[in-house]
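Trainee: So TrEMBL has the following annotated:
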{"type": "TRANSMEM", "residues": "B:12-29", "note": "transmembrane segment"}
{"type": "TRANSMEM", "residues": "B:41-64", "note": "transmembrane segment"}
{"type": "TRANSMEM", "residues": "B:76-96", "note": "transmembrane segment"}
{"type": "TRANSMEM", "residues": "B:103-123", "note": "transmembrane segment"}
{"type": "TRANSMEM", "residues": "B:135-156", "note": "transmembrane segment"}
Amino acid sequence: MVLAVTLCLIWIVVNLFIILPKRLSREENLFLFLTCSITIMISLLIPAKRMYFGDHGFNYSVEGTIAFLFNRNVIFPVLTLISINLVQDKGLWKKSLTFAASFLVFILFCKLEEKHTIVTSISTLILSVYFICYYILMLFLLKVFQLLGLKRQSGDE
Amino acid sequence: MPKDTAFNSNELFILISGIIAYVIIFLLPKRFTRQQTVTMLLIGIFISAFFDNTVCINPFNYYSVNDTPFVDFWDMLSFVMFGPFAYLFVYFYTGIGKNRSTYFFYISVWALISMFAEALAWHVGVYHYKNGYQLFFSLPIYLIVLTVTMVYYHIFIRR
C-alpha cells in the first residue's frame, strides 16, 4: 500500500516539475538536485539510524524501505527543485507564498508519512527550524553556483 | 569480530587516494567550466553517498564502510574521495577519438578499473562485505553509474 502511494506521489511530483515554469538552467537544476540529495541523506543519518542499522522491536518491511528511499532520493529533492524554481519569481508576495506552501507541504508530508520520511518522531518546532535552515542553505549554495558561472563569463569578456 | 577503530590502513587509503585524485584534477589542464567541474565532483560524491546509504542499510545490509556500523567522519571523507571519479571519467573521454562503439569499451574499461579500486579498498578494510555479497556484484552498479555519467556528458558537456 505505502509503496503504491509513494509511486503515485513520485508521478505527481515529477510531472509537476515538468509542467511548472523553470527559472533555473539545466545545470543549476542538476546542481540543486545533487546538493539537496546529499544534504537530505546526511540529515537523515541520525533520525533514520534505527532503520538503517536495525533495532530490536523496530521492524521495517522491504516495501517500507523502498518507499523511504523514494521519499529520500526522489520526492524531497524534486519538491525542493520545484520550490526553488518558483521562489525565483519576482515579487515578494510570490516568494512568500512559495516558501509558505513549501513549508506546509514539508511539515505535512513528514508528519503524515512519518515512518517513511523521517522514521523517528520529531517535533514540529525542530522540523520547522530544520526546513528553514535547509532552505536557506540551498538558496545560498545555488547563489554560489550561479556566481561561479558569472565569474567565468566575466573572465571570458 | 570487532573491527579496529584506530587510524590504520583504511583511513590511510582514504586520505592518500583522495589527496592524489584531487591533486590530479588540480594539475590537469582545464577543459571544463567551474560549474561543470563542481557538478562532476558532486556526481561522484552523490553516487558514493547514495550507494553507501542504500546498499549498506537494512534490509539489504550487504556491506559496511570502515570501522563503525554507523556513518562516521571517515565514511563522509570516503564520499568526498569519490568526487573526482566522475570528473576523471568525463575528462579522459573528452580527450580521446570517438566512434560509435567507443563509449562501450570506455565504460567497460572504467568498470574494470573501478572493480580493481574496490578490491583494493576491500583489502585495506574500507569495505566489509556481509550477507554473501561479493566484489563481482558491484559490476552492474558500476556499469549503470558510468552509463549515467556518460549520459550527463552527452547532455551537459558535449552540447
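These residue numbers are counts, starting from 1, taken along the chain as shown.
Backbone N, Cα and C atoms are what each Cβ position is placed from, and that goes for glycine too.
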Trainee: Counting Cβ pairs closer than 8 Å, which of B:41-64, B:76-96, B:103-123, B:135-156 has the most of them with the transmembrane segment (B:12-29)?
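Mentor: It is B:76-96, which has the most Cβ pairs under 8 Å.
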Trainee: Is the transmembrane segment (B:135-156) close to the transmembrane segment (B:41-64), in the sense of at least 3 CB pairs under 8 angstroms with a sequence gap of 6 or more?
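Mentor: Yes, since the transmembrane segment (B:41-64) and the transmembrane segment (B:135-156) share at least 3 Cβ pairs closer than 8 Å, they count as touching.
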